[in-house]
Amino acid sequence: MDSKEYELEYFKANKFYRKQCPSCKRYFWTQDKGVEICGEPPCGEYNFIGNSPMKKIMNLHEMREFYLKFFEENGHKRISRYPITARWRDDVFFTQASVYDFQPHVLNGTVEPPANPLTISQTCVRFNDIDNVGKTGRHFTMFEMMAHHVFNKKDKFVYFKDRTVELCNTLLVEKLGISPKHTTYVEAEWEGGGNAGPCFEVIVDGIELATLVFMMYKDVIDDNGNVRRELMDMQVVDTGYGLERFVWMSQGKENAYECIFPDVLKFLKDKLNLKTTNEQSKILAEYSRVAGNFNVESKKKLDLLREEAAKRIRISVAQLIEVVFPYENLYAVADHTRALMFLLNDGVVPSNTKAGYFARLLVRKTIRALKNLNLNIPIAEIVEKQIDAFKGQFPDVNENMAEILNLAGIEEKRYAETLKEGKDIVSRLAKQKQKQKKPIDNNDLIMLYDTYGLNPEIVKEFLGVEISIPDDFYIQVAKAHEKNTCIKEEKKEKINLNPEGIPDTELLYYKNSEIFEFDAKVLKILDSFVVLDKTYFYPEGGGQECDTGFVENLKISDVQKKGKIVIHKTEKTEGTEGNLKEGQTVHCRVDKQRRIQLTAHHTATHIINACARNRLGNHIYQSGAHKSVDMARLDITHYALLASNELQKLENDANQTIADENPIEISFMKRNEAESKYGFRLYQGGAVPGKFIRVIKINDSRGNLIDAEACGGTHFNNTGDVRIIKIINQKRIQDGILRLEFVAGKKAHEFISNNEKILKKSSAIFSVEISQLPKTCERFFNEWKILRKENKELKNTVCEILKENLKGRKNVKLQIDYLDANEIIDIAKNLRNFAIANFKNKILVSDLENQGIGINNSIGIKGLKAIREIKGEKGMFRVYVFGNEDVEGVKKLVNSA
């Protein structure tokens with residue numbers, strides 16, 4: 001990037017010098033003429049360990065408040081953190097930087113930022129460095145990115161490069177007391193997502209404390225495929241200040257973990273009876289200084305790190321490992337349990353898919369680290385210590401404590417159950433690979449981890465032999481699961497109508513959902529597809545099936561929305577004539593009963609989701625839904641099937657919400673206002689585009705919020721209109737996802753009525769009252785079990801008698817009438833070994849009356865083969881049970897045996 005991008009007026013006015021680092025050849029700016037190197041490792045080292053350049057020692061919470069207050073005093077509005085789960089986006093699972101909060105809607109100009117300028121301390125998670133955690137002194141899976149952001153437009157310019165660097169330098173030098181000779185601003189270039197711009201990496205005493213990014217260019221591709229850069233309409237200040245690193249520098253301890261987790265580490269060290277001597281502290285400090293030059297993504301690099309550190313400390317590598325190994329595991333436990341706490345708090349349920357995969361990854365890596373330490377401590381107990389440390393600044397983790405600890409405990413218990421089965425799983429795989437004459441490879445290890453949760457170390461332990469474990473194994477599996485790939489249902493038919501040039505369809509169903517007949521103008525016709533200027537036909541969307549009906553005498557069988565255009569698929573019915581014409585005014589009729597039923601199911605979905613969250617916990621989120629005329633289903637994030645009494649209570653809650661006749665408010669709100677008022681729980685069905693979002697809100701009779709969701713479907717204006725909800729089934733469709741199937745309104749009454757008919761018919765068969773059915777059925781079932789046992793014993797007795805009577809006979813024909821297929825098969829199996837031992841010729845066991853044996857085609861084919869073999873083979877014996885489609889043919893065969 002052009003050097004002029006970095007030549008700031010602020011640098012000139014404050015006597016900064018631009019220099020080139022002799023080691024890495026990068027350019028940087030400094031106020032100290034005597035500074036010769038950029039300072040970033042490996043050009044420099046961590047000089048602040050044991051010698052903090054800051055004038056005040058602060059802990060995590062003090063430093064966060066210090067930073068945010070500084071920017072508030074400098075004209076920025078403080079905003080609250082966004083969730084760690086990025087529910088407003090459909091391309092990622094987690095918030096990985098503060099700028100994620102404003103992508104895509106603010107950066108693309110769709111909505112205004114919540115403030116401009118603003119400051120925030122955003123909780124983030126990244127798993128691309130998970131194998132570095134605990135080893136380098138600075139890496140975390142979960143961290144806080146302090147930031148200040150500006151969104152400059154042509155009509156509203158706030159500030160850009162100069163003011164950004166000025167604020168940073170003022171914070172470091174004037175407020176934190178860092179001498180200018182300790183600080184360098186290294187020139188760099190940032191790019192991502194089709195945008196780019198210059199940036200400064202702010203290095204203090206060897207560590208990057210902040211990054212100042214100036215998003216100002218966008219990549220434009222011309223007709224020839226060449227890429228050129230143009231200025232963005234919105235130019236963004238995107239900064240990131242590492243809270244954990246600021247705290248580490250202020251305290252100057254041997255690594256960041258000792259500064260961030262003092263209480264949790266004390267708890268763990270006490271359990272281990274681990275006392276850190278001065279000598280060990282020096283070793284850990286030197287280890288961190290050397291680690292600053294490494295990203296430990298491979299065992300080779302870890303070995304190099306340890307060799308270099310041991311050499312500088314003048315001890316053997318073995319002595320070094322003896323000191324650092326327990327601390328590396330302690331630090332990993334502290335980091336992972338904090339990250340787990342925030343993930344569970346923000347609604348992630350551990351599973352083997354999507355966001356839940358990473359919560360499970362944290363649990364299992366924590367368990368492994370605890371095993372390395374020989375510490376038998378429940379993870380929930382450590383997470384509770386984390387909650388104690390963070391509840392003052394994050395009161396929501398305290399409010400959700402019971403649920404967080406429950407989820408952690410359940411996941412740890414599940415892992416223990418997995419290990420019980422794991423040895424057999426690994427053994428079967430090893431035998432299979434041995435037959436194939438192949439070793440267990442990386443793909444096998446990933447499969448064992450993804451499918452069964454068995455980490456490579458456990459696999460190695462079960463096998464009892466050396467296997468090749470990739471040094472970056474957990475980084476590999478994390479990368480494989482990072483992208484949020486949402487599976488969308490395929491449309492019934494691809495609509496190839498190009499909406500370009502067609503005016504937007506006026507969506508009348510949002511203005512009044514109770515109108516079912518209307519007139520509209522035909523704007524476009526292509527084959528069987530019609531576009532109207534306005535419509536009351538609801539298109540398929542949000543899991544809700546589309547409306548049907550008629551346009552004139554043409555049946556509407558499908559309705560889809562493409563961009564802002566609604567497309568109607570027409571079908572000619574028998575006896576209809578005539579075609580529509582563009583420009584024609586047409587009369588349209590929506591199938592009223594279908595719409596009402598779909599609306600009942602969609603409204604019921606919101607009610608059940610809200611009741612499930614209220615009863616089961618804040619981890620309940622909608623993972624998917626479908627609303628058809630006949631029934632509906634709701635997929636929620638939950639770790640287990642519900643007990644029958646829990647399911648009944650959930651249904652009762654939903655029907656009580658209906659009985660209370662709570663008002664349902666439907667309104668279009670500005671995205672920022674809706675998010676501010678209702679939070680990000682709005683996005684139950686996934687990310688919703690647009691500046692305005694349609695909010696469906698249910699309040700109770702006292703005005704308390706029951707539920708608020710961003711949703712584009714059709715809904716009643718009162719919960720009472722649903723009339724009744726009946727949950728008819730539940731199933732675990734995947735790990736961590738529970739599917740509830742239900743009917744509502746008229747369909748629920750039909751379901752209940754049909755069940756009543758079945759009950760009445762059943763009670764008539766048994767000649768008892770309906771209330772006596774369970775007791776009667778239980779009695780008959782118990783009697784059946786006794787008879788089945790007696791029948792089995794009787795068949796065995798008959799077979800023994802047959803064996804005695806058949807001894808010494810040359811040819812045997814055995815015809816058994818009036819038994820079902822399974823009984824025939826049982827007798828044949830019973831006689832098999834006896835017949836093989838006692839007969840040189842054949843024995844044929846058949847049933848000439850019961851047609852059940854021949855129903856299955858495969859059995860029939862076997863039967864024909866058996867007949868051929870009995871007729872044509874000599875000296876061989878087999879017992880066959882076969883189909884009897886040709887009864888007369890079988891009779892002849894028996895008679896000739």
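Backbone N, Cα and C define each Cβ position, glycine as well.
Annotated Zn(2+) binding site per TrEMBL: H602, H606, C711, H715, in sequence order. All chains included, 26 other C-beta atoms sit within 10 angstroms of the C-beta of C711 (Zn(2+) binding site). Look at C711 (Zn(2+) binding site): DSSP puts it in coil.
As annotated by TrEMBL, domain 'Alanyl-transfer RNA synthetases family profile' applies to 58-754.
Around the Cβ of H606 (Zn(2+) binding site), the same chain contributes I696, I698, D707, E709, C711, H715, each under 8 angstroms and 6 or more positions distant in sequence.
For the recorded site, H606 (Zn(2+) binding site), the DSSP three-state label reads helix. Around H602 (Zn(2+) binding site), the C-beta neighbours below 8 angstroms that are at least 6 residues distant in the chain are G542, Q544, K627, A632, C711, G713, T714, H715.
Neighbours of H715 (Zn(2+) binding site), defined as other CB atoms within 10 A of its CB across all chains, total 25.
Across all of the domain 'Alanyl-transfer RNA synthetases family profile' (58-754), the predicted model scores a mean pLDDT of 90. The residues near the Zn(2+) site, meaning same-chain residues not in H602, H606, C711, H715 whose C-beta sits within 8 angstroms of the mean position of the site's C-beta atoms, are G542, T603, T605, I696, E709, G713, T714, in sequence order.
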